[in-house]
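Undergrad: Pasting in a structure now, in structure tokens, and then I'll have a few things to ask.
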Amino acid sequence: MSDQSYESLLLNRKNTSKTLDETIERCIGEFGWAQLLQSVLVSLSWVFDAQQTFISVFTDTHAVNEWSLQKQGVSSVLSGLPASSFFIGCLIGGLVLSTLADTKLGRKNMLVFSCLVMSVAGTITSISTNIWIYSFLRFLSGFGRATIGTCALVLSTELVGNQWRGQVGIIGFVYFTIGFLSLPIIAFLNKESSWRVLYLWTCLPTILYSILVHFLVCESPRWLYVRGNKEEFVSTLKSITTRSSLTLSFFGSFFEFEDQEHDNNSNESSTINLYSAIKMLIEKKWAFRRLISVMLVGFGIGMVYYGMPLGVGNLPFNLYLSVTLNALSELPASIVTFFLIGKLTRKKSLLVFAMLSGICSIGCVLVQNDDFKVLQMGFELFSFFSACTCFNVLLIYTVELFPTCVRNSAVSMVRQALVLGGAISPMLVAFGRKNRWFSYGVFGICIAICGLFVLCLPETKGRTLSDTMDEEEYKESVFVC
């Protein structure tokens, strides 16, 4: 399609006020109770995501002691195998499952499936008999967990319009904080019990949650639109609308307009199969450049975000208190993002907080005297707080960088980059028990260097979401010009 055709298409949409964003906002109002309840229920999955992500802090050491691995002289690398297996499972699960939410299953069904796999594997983990079975089940749990955060974020933000997208995205991050914070509380209350009980307390409620999502949550209207499911698209918008004046005639006029554009988009939408979303991201130079850049940023952030809580045991502080403080530091990060996401530019926010996180992480290495242990903890907490803020902004930024037809796949790939950093961090933490440069030093250098790649990305603050690659490509050409 020529530039003139692109411009004509966008101007036509603007003049008729019927872009998908405008249609959804016109149907559901600014932000009603229906959207709030849907977003809250979907975002609740982040609680269980956080619990399984950081449960290793409290279970792995006890499991190693139970199987007497330390007495057998097993290396610290093997003792870190369960945590690394979980993150490797996240990596592989993300690669295998990521495009299903954009293609066959949709956001909602993928969320239910992921929660069930993670929770069932976690429940079975409680009856592990050795380190190998335990690590394998942690791998399966990570495999299922891989797409939970992605589907929850994309589904919740696609239920609302541009004005509330950032704030709705923060709901999930707040729930993640609650899930993280619940771990030391549950672990402390069960400190006299086996580590196996902790898996039951965190996994059984997840199974119940999966059932509730299946019956109570709506599918993303954007995904239904891109997939051509017009009737379900209409019924979904009607089910969450707050406007009594909504009529089928409005939708009829919308689809008449949409049919006029069918020839422009049919080739793109009809070829979306299992892995065509990834193919489109690779074939389009602008999309591939964005994907690589944002994944490199994510890798550095993930190393600190997942590594810091695992490494607090290397600091001269009580483990329960340290993990609780780390969990609490996620809350101000979510609050900062919630109130400032509408005001701050994405690029500058990521760059500043990545640099701060790197500097403070290296500070944990430079200040090793136990007389200054409060300062050490302060550096660790501020580094983690900055990484949490980067994590939150990065995911919202990624949602805005890619169109609906590949959005879930793109966000999933970025989360895999985050998890790849997390997969390396347990080994670095193990090596860092003797020399903190191998843990906190590497963390700080990595997030600072990777944060610089944000300079290769366009700014998205205030932009509406695109639905097709063609539409986003035209915006890219306008941005470049």
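Backbone N, Cα and C define each Cβ position, glycine as well.
Automated prediction, rather than curation, is the source of TrEMBL annotations.
What TrEMBL records for this protein is below:
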type	residues	note
DOMAIN	38-462	domain 'Major facilitator superfamily (MFS) profile'
TRANSMEM	77-98	transmembrane segment
TRANSMEM	110-133	transmembrane segment
TRANSMEM	139-156	transmembrane segment
TRANSMEM	168-189	transmembrane segment
TRANSMEM	195-217	transmembrane segment
TRANSMEM	287-307	transmembrane segment
TRANSMEM	319-341	transmembrane segment
TRANSMEM	350-369	transmembrane segment
TRANSMEM	381-402	transmembrane segment
TRANSMEM	414-431	transmembrane segment
TRANSMEM	437-457	transmembrane segment
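Walk me through the surroundings of each of these features.
TA: Note on the transmembrane segment (77-98): residues 52-53, 56, 60, 63-64, 69-70, 110, 113-114, 131, 134-136, 138-147, 150, 278, 306, 310, 408-409, 412-413, 415-416, 419-420, 422-423, 425-427, 429-430 of its chain, located 6 or more positions outside it, place their CB under 8 angstroms from a CB of the stretch.
Counting residues 6+ beyond its ends, the transmembrane segment (110-133) has Cβ neighbours under 8 Å at 42, 45, 48, 52, 63-64, 67, 69, 78, 81-82, 93, 97, 100-101, 140-148, 151-152, 155, 196-197, 199-200, 202-204, 206-207, 209-210, 213-214, 217, 408 in the same chain.
Counting same-chain residues at least six beyond the ends of the transmembrane segment (139-156), those with a Cβ under 8 angstroms from any Cβ of the stretch are 38-39, 42-43, 45-46, 48-49, 52-53, 85-94, 96-98, 100-101, 107-108, 110-111, 113-122, 125, 168-169, 171-172, 176, 217, 219-220, 395, 399, 407-408, 411-412, 415-416, 419.
Distant neighbours of the transmembrane segment (168-189): 35, 39-40, 42-51, 53-55, 57-58, 149, 152-153, 156-157, 159-160, 198, 201-202, 309, 320, 323-324, 326-328, 330-331, 333-334, 337-338, 341, 388, 391-392, 395-396, 399; these residues of the same chain sit at least 6 beyond its ends, with a Cβ under 8 Å from one of its Cβ atoms.
With a threshold of 8 Å between CB atoms, the same-chain residues lying at least 6 positions outside the transmembrane segment (195-217) that come near it are 38, 41-42, 44-45, 48, 51-52, 55, 58-59, 62-63, 66, 108, 111-112, 115-116, 118-120, 122-123, 125-128, 155, 183, 186-187.
Within the chain carrying the transmembrane segment (381-402), a Cβ under 8 angstroms from the stretch's Cβ atoms is held by residues 149, 153-154, 157, 165-166, 169-170, 173, 281, 287, 290-291, 294, 297-298, 301-302, 304-305, 308-309, 325-326, 329-330, 332-334, 336-337, 341, 344, 346, 349-350, 353-354, 356-361, 363-364, 410-411, 414-415, 418, 440, 443-444, 447, 451, 457-458, 460, 463, 465, 472, all 6 or more beyond its ends.
Under 8 Å from some Cβ of the transmembrane segment (414-431) lie the Cβ atoms of residues 56, 76-77, 79-80, 83-84, 87-88, 90-91, 94-95, 98, 146-147, 149-150, 291, 294-307, 310-311, 314, 391, 394-395, 398, 438-439, 442-443, 446, all in the same chain and six or more residues away from its ends.
Non-local neighbours of the transmembrane segment (437-457) in the same chain are 289-290, 293-294, 296-301, 303-304, 307-308, 311, 314, 346-347, 350-351, 354-355, 357-365, 380, 383, 387, 390, 397, 401, 421, 425, 428-429, 431; each lies 6+ residues outside the stretch with a CB under 8 Å from one of its CB atoms.
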Undergrad: Give residue numbers and ranges for long-range contacts of the transmembrane segment (287-307): same chain, 6 or more residues beyond its ends, CB-CB under 8 A.
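TA: Residues packing against the transmembrane segment (287-307) from afar: 53, 87, 280-281, 350, 354, 357-358, 361, 383-384, 387-388, 390-391, 394, 397-398, 401-402, 406, 410, 413-422, 424-426, 428-429, 439, 442-444, 446-451, 453-454, 456-458, 469, 472.
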